[in-house]
Structure formats: C-alpha cells, structure tokens
Amino acid sequence: MGFRKKNKSPAVLSHEFVIQNHADMVSCVAMVILLGLMFEVTAKFAIMFITVQYNVTQSLDERAEPVNLYQYGPKDMATVFFYLLIAVILHALIQEYILDKMNRRLHLSKTKHSKFNESGQLAAFYLISFIWGCSILTAEEFATNPTFLWEGYPHTHMVFQVKFFYICQMAYWLHALPELYFQKVRKEDIPRQLYYICLYVFHITGAYVLNLHRLGLVLLVPHSLVELLFHASRLFYFSDENKQKGFTLWALLFVIARLVTLTLSVLTFGFGLPRAENQGFSLAEGNFNVLTVRMTCLAAICLTQAWMMWKFINFQLKKWREHSQSQASKLKAISPKSKPHKKDPARGGSANGVLKSDDKTSPRARKVL
C-alpha cells in the first residue's frame, strides 16, 4: 500500500526512495512478523513481538478468580520494536490522509507547514494518551487515596492496560527519532525536538524500569491534557491567526500542571517512599527504594520542570514583545502627522522653509529671494 503520492521514481535505496517509501517498507517488516505466527517453528519468536510478555497469575482473594498481572523483562524490547513499526505506519496514515489535505487548503509557508505537521501528530497522540490514561485511573484509588503511589512498593505487578500503555508510550517516542529523517525536519528544528523526545524516553522508561508506573501514569495524564491544549491551539492559530484564546487557557493549566508534578514528586520521594516498609536495593525483587535512587529521580523531575518553566517564560516574554511592537506600530499608523510650528519672526526664524523678516529690502532678504 502506498501512503505517499510519488511524482518521480528515485533510485532504489537512495535517500529519497527510503523517505518516500518508508511506510511501505515498515509495513512489510510488520507483515513478516505477523506471518511468523502461521508456522509452528517461528510462532514462538513472532509472538514475543506481538503479545505482552511476562504474565503472572495471581489470586488476590481465596474466593475470587485468579487475576492475570504482568511484570517487565528484556523481551519487552521486542514488543516495543513491533509497536514502534505500528507507530510509523499510523504516523504516515495521519500525515497522508489528514494533515496533507489540510495543508493544501491552508497554503502555509514552509515554517508553518512543519510546525502544523508536528502539532497535528502530537495532538492526536496526546488525545489518545489522555483518554487512555483517564480510563486506567478511574479503576485506581488515587482520587480518594493518594497514598497508593507508594503503598506496597515495589509495584512489580501491573494490569494489562498499564503495561500496554507504557509499551505504547515508549514505542511512540522511540519512533519519533527516525521520523526526524523520514519527515525531512529542518535542521534548526532538530535540536528542539531531540530535547523533548529524549526527555520523554528517559522519564517514561525510568518510571517503567524502577517500578514507579503508578506515579508516572498519574503525572502523564495532566501533562497530556496540557500538551493537547497547546497543540490544538496552535492548529487553530495556523488556520486563523485571530484564534489565540486557547493559549491563555494553556498558559494557566501549564503552570498548574508543573505545580502538581512537583507536589506529587516531593510527596512520593520525600515523604512516602522513605516511610515505606520495604527499604533497600534489590534487582531480583525490583526494589529501588534507597536514598540515592530517590534523590536522583526527584532531582531529574525538578530539573525537567525548571527547564520547562524557563522555556515557558521565554515563550511568554517573546509573545509579549511581539504584541507590544504590533500595538506601537498600529498607534504610529493611526496618529495624524504633526503640523510644523511657525517660529517667532522677531527671532529671525522661518516658517515653511521661507525666511521671514520685517525689512524685505534688506540685503539678506534679497539674497535669499
């Protein structure tokens, strides 16, 4: 299946060929993995890529039915790789059938075209993440009992939805790295995008490996809402520059989300985990509740939030300067031209460039005239 219309036929395996046909090539790799399920010899390898691994049957109550829970392990890398391929395919579908059609109608410049595509892809992802995260949290006790963030740590067991959520999160942000090449992102935009992609991979993977998936999930939901509002507001702004009210609401929620993140992080690493029953470091048990790990995690979160606030303040100051300059230019255009003032003839001044004097027969007057 072709996701992009090809006007030319570039040389096989050239850069342009890979960029134009990357979705088709990735689809072939995914199809090979799926076809592996059809044969008994390859099925045990193919299923490692497709299904969630490390399931554990546990009975929470003697009378209740056993519950399937999941742990993490090295085989999860294969699962993340497969869903990375799926993310690349979905990225191409959204780009081809939604964003490209909207771009042709809006006739945006190259700079706005790149930002429009970026915001369109991220808005779709954050919308799914927010709805999915909220549906998971509705089954948890956080709304009435925030202590579930650290009670019973280490949280080595996860329900299917939580583990699959984290696998999809890691797969999406890892797929964003090759997309910088596939989408021909401008060189000046690559460092900015690399910063936030690496931060997402680092924090989400850290929460997953350190068995802090409860805290990570709670922090990702409000963050996804704020980012969804920002990118949706930017899409509306590109369609009509007068639609800027969404940025005001985003600015308010952005500050609130940063405060909530810092509060929950300090509460978990500073007060909750130090008082938990299981203290110590054990890779076999998945226990990382030691002072060094707690302070490192808290420092990483605080530094990230400080960096985000610094970028936010600079963004707001830039917008304020642009608004002030535009207002000043409008006032200059509206204000009437100042009329020249006549000087006092007694001082030998001039009005409208003509010399005035009481004695018109003076030599000086005759010389000027």
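Including glycine, each Cβ sits where the backbone N, Cα and C put it.
Automatic prediction, not curation, is the source of TrEMBL annotations.
These features come from TrEMBL:
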DOMAIN    114-323  domain 'TLC'
REGION    327-369  region 'Disordered'
TRANSMEM  29-52  transmembrane segment
TRANSMEM  80-99  transmembrane segment
TRANSMEM  120-139  transmembrane segment
TRANSMEM  159-182  transmembrane segment
TRANSMEM  194-211  transmembrane segment
TRANSMEM  217-237  transmembrane segment
TRANSMEM  249-271  transmembrane segment
TRANSMEM  291-310  transmembrane segment
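Against the transmembrane segment (291-310), stretch 194-211 has more CB pairs under 8 A than any other of 159-182, 194-211, 217-237. Using a Cβ-Cβ cut-off under 8 Å and counting only residues 6 or more beyond its ends in the same chain, the transmembrane segment (29-52) has close neighbours at 70, 75, 78-79, 81-82, 85-86, 89, 160, 163-164, 167. Confidence over the domain 'TLC' (114-323), given as mean pLDDT on the 0 to 100 scale, stands at 92.
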